[in-house]
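Engineer: One structure follows; several queries about it will come next.
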Amino acid sequence: MLTNRNILLCVGGGIASYKSAALASKLVQAGAHVQVAMTRNAQQFVGKTTFEALTRKAVYDDVFIEHDPSKIAHIDLADEADLIVVAPATANLIAKLAHGIADDFITTTILAATCPVIVAPAMNVNMLEHPATVRNIEQLKQDGVQVIAPGVGNLACGWVGKGRLPEPEDLVATLSTFFEDKYLAGRKVLISAGPTVERIDPVRYLTNDSSGKTGIALAEAARDAGADVTLVHGPLRIGLPTGISTIAVESGEEMLEAMLRDYETQDIVIMSAAVADYRPSVQYDQKQKKIHGPLRIELEETTDILKTLGEQKQHQLLVGFAAETTDVETFAKQKLIRKKADFIVANDVSRSDIGFVSDENEVVVFGKNDSVTRYDQQLKSTLAKSLMRQFAEALA
Ligand code: CTP
């Protein structure tokens with residue numbers, strides 16, 4: 001994906017700039033043509049020589065020092081770049097980019113660029129959460145810049161929190177998605193993920209073990225393929241991807257409403273959420289007291305969201321999941337017909353190495369035209385890419 005791509009790596013003045021050296025190295029190893037630009041402050045942390053040795057190219061840091069007088073470097077580099085990456089992006093660099101300030105090599109070049117720009121913020125958690133930084137990041141997103149969410153962990157300043165530059169290998173993986181085939185460009189994809197929560201009283205509820213990993217992986221695959229993605233999700237313990245719209249819900253009823261809100265305009269709709277089949281018939285406003293004896297809670301069926309979507313389907317390609325422990329194929333095929341879906345992705349949740357909380361899955365996809373496609377055990381992220389391809393190919 002990265003072979004022969006021109007990548008301009010802009011290094012800001014933060015301690016995380018040491019990771020940018022590894023990033024430059026990995027991008028070169030992946031076959032990219034890497035050109036580095038640095039701020040003066042970045043050079044307080046890592047020297048130009050390091051990047052020049054890794055990329056075998058001169059590092060740019062001054063608009064007025066031309067390495068080749070026949071060229072105007074900040075314009076040429078802006079024109080040549082297929083992608084510009086700012087890593088680490090300091091609060092200062094982000095503020096300048098958000099306001100169109102061009103007072104050094106990096107900011108001037110980015111202002112002259114028309115290619116996609118990715119910004120990877122890395123800083124102290126309080127700087128990251130300062131209203132000014134939040135506002136500036138929001139402005140960059142509105143300007144079409146992709147912002148990579150910082151990681152959570154130990155920060156150089158001694159704080160533990162959000163603000164770490166993602167690891168170089170993760171950054172390389174994110175950058176390579178930029179060059180993937182945009183086979184879903186112009187398409188809208190709606191995905192549900194995670195568990196639902198059905199309240200008994202204000203502090204108690206019924207839920208399940210769904211991690212939301214499959215839905216999130218599908219959302220990322222659709223986003224990387226160029227789709228406009230909306231993810232409707234129940235409570236999750238894992239972070240949400242950037243570059244997609246998200247709607248947080250709790251109950252099945254809330255999920256149903258969110259899925260129907262913009263259903264008509266969608267091209268692909270995937271119900272990967274583990275929706276609770278039952279909810280308490282009565283939901284108490286007050287915390288219920290112990291009754292010193294057996295307690296019965298009456299449950300009533302929730303609305304089947306997939307079935308409702310199937311009944312209201314017009315042009316959309318509708319995909320459901322089937323989590324089974326026995327007779328996977330029989331039950332999956334029944335669901336395909338009963339819920340009027342185009343595909344049912346079936347998996348065996350009796351196995352502990354795949355399924356709900358695992359990073360891997362093995363599935364069989366049943367199509368309404370009697371097609372059966374088997375996918376061997378693999379990472380959910382890899383599987384999601386193959387599934388999304390299959391769904392896209394079935395689009396009218
Ligand atoms: N589903 C839904 N709304 C519900 C229950 C399930 O939309 N109230 C969707 C799930 O998101 C999934 C598919 O239906 O895409 C299959 O869910 P599953 O729980 O496996 O099947 P059920 O229809 O609940 O049938 P059973 O419990 O009998 O297996």
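Placed from the backbone N, Cα and C atoms, the Cβ positions cover glycine too.
Take a look at what TrEMBL says about it:
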ACT_SITE  Cys157  active site, proton donor
BINDING   Asp277, Lys287, Phe321, Lys335, Lys339  CTP binding site
DOMAIN    6-174  domain 'Flavoprotein'
DOMAIN    184-393  domain 'DNA/pantothenate metabolism flavoprotein C-terminal'
REGION    1-188  region 'Phosphopantothenoylcysteine decarboxylase'
REGION    189-396  region 'Phosphopantothenate--cysteine ligase'
Engineer: Summarise the model's confidence over the region 'Phosphopantothenoylcysteine decarboxylase' (1-188) as a mean pLDDT value.
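Structural biologist: Its mean pLDDT is 94.
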Engineer: So which one is it: of the binding-site residues Lys287, Lys335, Lys339, which has the fewest other Cβ atoms within 10 Å?
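Structural biologist: Among the binding-site residues Lys287, Lys335, Lys339, the sparsest Cβ neighbourhood within 10 Å belongs to Lys287.
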Engineer: Tally every other Cβ atom lying within 10 Å of the Cβ atom of Asp277 (CTP binding site).
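Structural biologist: For Asp277 (CTP binding site), the 10 Å Cβ neighbour count is 14.
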Engineer: Quick test of your reading of the structure: among the recorded positions Cys157, Asp277, Lys287, Phe321, whose CB sits under 6 A from ligand 1?
Structural biologist: Asp277, Phe321
Engineer: Between Asp277 (CTP binding site) and the residue listed as 'active site, proton donor', how far is it from one CA atom to the other, in Å?
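Structural biologist: Spelling it out, the Cα of Asp277 (CTP binding site) and the Cα of the residue listed as 'active site, proton donor' are 47 Å apart.
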Engineer: Whole-number Å only: compute the distance from the Cα of the residue listed as 'active site, proton donor' to the Cα of Lys287 (CTP binding site).
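Structural biologist: Each residue's Cα considered, the residue listed as 'active site, proton donor' and Lys287 (CTP binding site) end up 43 Å apart.
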Engineer: Have a look around the residue listed as 'active site, proton donor' and count the other CB atoms within 10 A of its CB, chains all included.
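Structural biologist: There are 14 of them.
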Engineer: If you pair up every Cα among Asp277, Lys287, Phe321, Lys335, Lys339, the residues annotated as binding CTP, what's the maximum separation in angstrom, rounded to an integer?
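Structural biologist: Across Asp277, Lys287, Phe321, Lys335, Lys339, the two farthest Cα atoms sit 37 Å apart.
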Engineer: Test of understanding: give the count of other CB atoms lying within 10 angstroms of the CB of Phe321 (CTP binding site).
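Structural biologist: Around the Cβ of Phe321 (CTP binding site), 23 other Cβ atoms lie within 10 Å.
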Engineer: According to DSSP, collapsed to three classes, what secondary structure does Phe321 (CTP binding site) have?
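Structural biologist: Where Phe321 (CTP binding site) sits, the three-state DSSP reduction gives strand.
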